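Structure, as structure tokens:
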Amino acid sequence: MIKGVGVDIIEINRVKNAIDRNYKFIEKLFSRREIAYIKAEKTKAQYIAGRFSAKEAVSKALGTGFRGFSFKNIEIHKDDLGKPIVVLNGGARAIAEGYGKYQVQLSISHDREKAIAYAVLEVF
């Protein structure tokens, strides 16, 4: 059963400007593993914007926004084919587990100007 959906869109230029002003903000939003993915990417601003948007979309699918947990409690990894995989930790995981067995489906896309993410929280 679908418990929640979330969508978020962001201008890539906003992310690029944030990176140019203070790259350290990445350490506040992303786990070490996510930062390793970022460092391997050629189009860093697009990649970061997509992942930022994904975390926002997942928080909306949980039905809470970022209440009771931080950005780092939602990690976006990828499988061998590059499909985004959501890993919930801390408060985000507690919220999802409160619904029972769960799975988060996620899609991320971008063009040169915007990144968008769509998340679906399924409970069983």
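Placement of Cβ uses the backbone N, Cα and C atoms for every residue, glycine included.
Residues or ranges marked as Mg(2+) binding site in Swiss-Prot: Asp8, Glu56.
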Query raised in the report: Across all chains shown, how many C-beta atoms besides its own are within 10 angstroms of the C-beta of Glu56 (Mg(2+) binding site)?
Result: 21
Requested in this report: Tally every other Cβ atom lying within 10 Å of the Cβ atom of Asp8 (Mg(2+) binding site).
Outcome: 19
